[in-house]
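Below: the structure, in structure tokens.
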């Protein structure tokens, strides 16, 4: 992500100040490989870690990459596949899944590569595009989390207010991406590949080496970089975190003060059902807020420390080579578990998932049954004596009217979050609240 380029920029400053210490940390070759080399050139190892450590990084990043691709891909498939899922909330869920997919595609591989090898192996165009897309996708993901919180807040805390329309939600999504692009434009302008003339990277055991390149933000001075880091921290972490915590806290308080009818029998059983649903929703909200805080706090703390704290060379090397990869992994973990929290723990999403795949299975099964039935008819030489004769049972119209269908309406849209609570607070434009 964009933090990778900022970390590389700080690494470059440290490299320029103390190349000898960098060599002691990163070079895995013995001193005999340096005989006969110019004294003003520092040679560093191609890999930042021993094979065992690099293997741990690769496996851990691969795990969350697969979870991110599978989870967010399934969310996109279900929402786009079923028109019943095309609601305001589900549009935000879809946008969150798309932005998290971009995080997985553009952030995870390049960040992993940056954490296990020395320098930048790609060109200037990839440097700019990679940094920009990484920052934009992360920003869009965070802003979408805020939009979901605002939508839930309006629906639960202020149920009499007009609900958002599909067109309004679409406009909000466009604004989210415009803001994400705008806030990352300075980083895209400053990102560039620079060559270190006093450093070369050792390749293998044949005494070969290659030039050492950085993909970094080349700011005119340190103060400008500090200001930009602070702006990013305030807009991508601090402000979204504050809004999410405040709105989810208000939602939790509102749910504990009121109940929503569940459509069952009145009495203790109904109140017990509502209480269980409220506890489930509040638990989900707490998980969302805590995961957002814990997932992004280490990375932003490191970024602020890198720009504002006076770290020693030993402290900086330790943080840069070992702590930063873990902080990035935690941030990516949030993008991987978002579809699980917002989707798979939700009843309507599970119904949508089952409906999509049941439709495919039933269609295939129906075609197979029709084919088998046709083959049996063709193979029979004796037909029924009276094939047109059918038995019709008398049906009372009154009995039909008294038996409401248990199936949901085919055109009824379904939200992926807090759908049971919304039925009493948002769907009819009013609220029926009973104190508990």
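The chain as shown is numbered from 1 upward.
Cβ from N, Cα, C; glycine included.
The following features are taken from TrEMBL:
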DOMAIN    71-342  domain 'G-protein coupled receptors family 1 profile'
REGION    394-419  region 'Disordered'
TRANSMEM  54-80  transmembrane segment
TRANSMEM  92-112  transmembrane segment
TRANSMEM  132-150  transmembrane segment
TRANSMEM  171-193  transmembrane segment
TRANSMEM  227-249  transmembrane segment
TRANSMEM  285-306  transmembrane segment
TRANSMEM  326-345  transmembrane segment
Mind checking which residues of the chain, 6+ beyond the ends of the transmembrane segment (92-112), have their Cβ under 8 Å from one of its Cβ atoms?
1, 4, 57-58, 61, 64-65, 68-69, 72-73, 75-76, 79-80, 130, 133-134, 136-138, 140-141, 144-145, 147-148, 151, 169, 172-173, 176, 325, 328, 332, 335-336, 338-339, 342-343, 416-417
Go through the chain and flag residues at least 6 beyond the ends of the transmembrane segment (132-150) whose CB is under 8 A from any CB in it; none is fine as an answer.
1-2, 4, 89, 92-93, 95-96, 99-100, 102-103, 106-107, 110-111, 172-173, 176-177, 179-181, 183-184, 187-188, 191, 236-237, 240, 243-244, 247-248, 288, 292, 331, 335, 338, 342, 417
Seg_contact(the transmembrane segment (285-306), the transmembrane segment (326-345)) with at least 3 CB pairs under 8 angstroms, min sep 6:
yes
Sequence-remote contacts (6 or more beyond its ends) of the transmembrane segment (54-80), Cβ cut-off under 8 Å?
47-48, 86, 90, 93-94, 97-98, 100-101, 103-105, 108-109, 111-112, 115-116, 325, 329, 332-333, 335-340, 342-344, 349, 352-353, 356, 416
